[in-house]
């Protein structure tokens, strides 16, 4: 379906060469000129050959033409591979950087595709730790309540508070990663993750367990924000949707495998064995990241100081004596700078919510994520009681269908999103002077978002009434597959669009998303059980589905109608 072109003034304002966070020319990195390309490679298709771009850049007027500019014959896939500019071991950044097998390079975009996929796989496995920690206890919640002498509502807090910590801590991890680098954050956070899970495994009270799980969840949540930043560091926009989909396979391994693992371990050795499993998982990840993950954050070029006249006074400045008052003022400024860095800067990323494009994208992801965790609590609550009365190990297996839906949508949804983005750019004739396609983040939200917005709320109603009426277990469980497909399309769209709306602040954009959506999931985890007891799963999920339908359709419509205008305004304000 070819959509109508944007209004002339928006088209002119947004016709920009993009990908300002993409590849730039470095000394010592050779490139191939257009005229040097092999003629047999000039007939490649647009999708595989056109350079990718993000949404920020210098706004320039569009030349008055009756048709799209002539496409350049040069193709990115036909350009000869650039030699890697490898950084010496002594100058590599991050903790224990000398031990990395994969070298750090000046331009992470220049890594071979196999290396990029290896880095993506590592980050995806690391991203599985946080959701695994929240889901691994779900089958064991009844057993946990008995062992620590607690009520089901209080026991659910061990999951809800875990999700709350996953919303707050990434703000700090994201902020620190922009200065300390990605690698340092990964290593520190997973060392802490293993430590807090050791203490969780030996907890003697529900209060102690909740606090330790909060700390462990906050540590593992670093990848929720920093991981998407790593993907943006190494993948160009034209392939980022597919890469982000593969990255999201990691977080989805949690909902798929964790309940199964948790059910088996709890049945055999009790709920504490689930925490020891997390210790082992975190320790193995720490070893892998130490030796196989290089720093990918782009090196900031130091500012060149203004040239000063080289007279005698400038060469040998006069010695001055610093008074006690001046010394105190200097130290106070340093302390204030450190405090600002530690407390103000991480919270400042929430200011991105003032941009409508960011706000509604985050809202859609959050309302969907909240419904996911309400569904997770309902599965455990419904099937552990009459008429089902399933054992712990069976409860874990019931989470498989929804996770299979996540996996299917993760693999296909990213490719679908990339295809739509290319299609929309070609249909609107958005080519720059070199004939390269110019992409817009809002183009990702088209028919894929409409379909997803219709599927996952419908699946909630299906599950709710099938479970409420006690229909055979296979009927409500099948609905969860469709919920997984629809919700995962929304998650992938939201995360990828946020990295493209703010290409120089990708980890901050994802941190804001995680902050809001995990607050929604925390609230859902707290209120799910009381609401099920009060009105039943049928009416609960009917009301929730209506809220999701209205929210999702409104967001997709608003992004289609106002997205270009919001993005242009946002670009201008971010450049100030």
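From the backbone N, Cα and C atoms, a Cβ is placed for every residue, glycine too.
Given the structure is predicted, the values throughout are model-derived calculations rather than measurements.
For 1-12 (among others), the entry in TrEMBL reads compositional bias 'Basic and acidic residues'.
Residues or ranges marked as compositional bias 'Basic and acidic residues' in TrEMBL: 33-51 (among others).
Sequence annotations record features per position, and here TrEMBL assigns domain 'Major facilitator superfamily (MFS) profile' to 119-560.
Look at TrEMBL and you will find 1-83 tagged as region 'Disordered'.
Annotation source TrEMBL lists transmembrane segment at 117-141 (among others).
Under 8 Å from some Cβ of the transmembrane segment (153-173) lie the Cβ atoms of residues 130, 133-134, 137-138, 141, 144-145, 185, 189, 206, 209-210, 213-222, 224-226, 342, 346-347, 349-350, 373, 377, 510-511, 514-519, 521-523, 525-526, 528-530, all in the same chain and six or more residues away from its ends. The transmembrane segment feature in TrEMBL is assigned to 153-173 (among others).
For the transmembrane segment (185-211), the list of distant contacts is 94-96, 126, 129, 133, 148-150, 154-155, 157-158, 161, 173, 176-177, 219-223, 226, 272, 275-276, 278-279, 282-283, 285-286, 289-290, 293: same-chain residues at least six beyond its ends, Cβ to Cβ under 8 Å. What TrEMBL lists as transmembrane segment is 185-211 (among others).
Within the chain, the transmembrane segment (217-235) has long-range Cβ neighbours (under 8 A, six or more residues past its boundaries) at 21, 108-109, 111, 116, 119-120, 123-124, 126-127, 129-130, 133-134, 161-163, 165-171, 173-174, 177, 182, 185-186, 189-190, 192-193, 196, 243-244, 247, 250-251, 282, 296-298, 495, 498-499, 503, 506-508, 510-511, 514, 518. Residues or ranges marked as transmembrane segment in TrEMBL: 217-235 (among others).
TrEMBL lists 247-269 (among others) with the feature transmembrane segment.
The feature transmembrane segment is assigned by TrEMBL to 275-293 (among others).
Below 8 angstroms of C-beta separation, residues 171, 174-175, 441-442, 456-457, 460, 483, 487, 490-491, 494-495, 497-498, 501-502, 505, 508-509, 511-513, 515-521, 523-524, 544, 547-548, 551-552, 555, 558-559, 562-563, 566-567, 569-570, 573 of the same chain, each at least six residues beyond the ends of the transmembrane segment (349-372), sit close to that stretch. The feature transmembrane segment is assigned by TrEMBL to 349-372 (among others).
Under the heading transmembrane segment, TrEMBL lists 392-413 (among others).
According to TrEMBL, the transmembrane segment annotation covers 448-465 (among others).
The transmembrane segment feature in TrEMBL is assigned to 471-494 (among others).
As annotated by TrEMBL, transmembrane segment applies to 515-533 (among others). Long-range contacts of the transmembrane segment (515-533) within the same chain, counting only residues at least 6 positions beyond its ends with a Cβ under 8 Å from a Cβ of the stretch, are 152-153, 156-157, 159-161, 163-164, 166-168, 170-171, 221, 350, 353, 362-363, 365-374, 377-378, 381-382, 540.
Residues or ranges marked as transmembrane segment by TrEMBL: 539-559 (among others).
For the transmembrane segment (539-559), the partner stretch with the highest count of Cβ pairs under 8 angstroms, out of 117-141, 275-293, 392-413, 448-465, 471-494, is 448-465.
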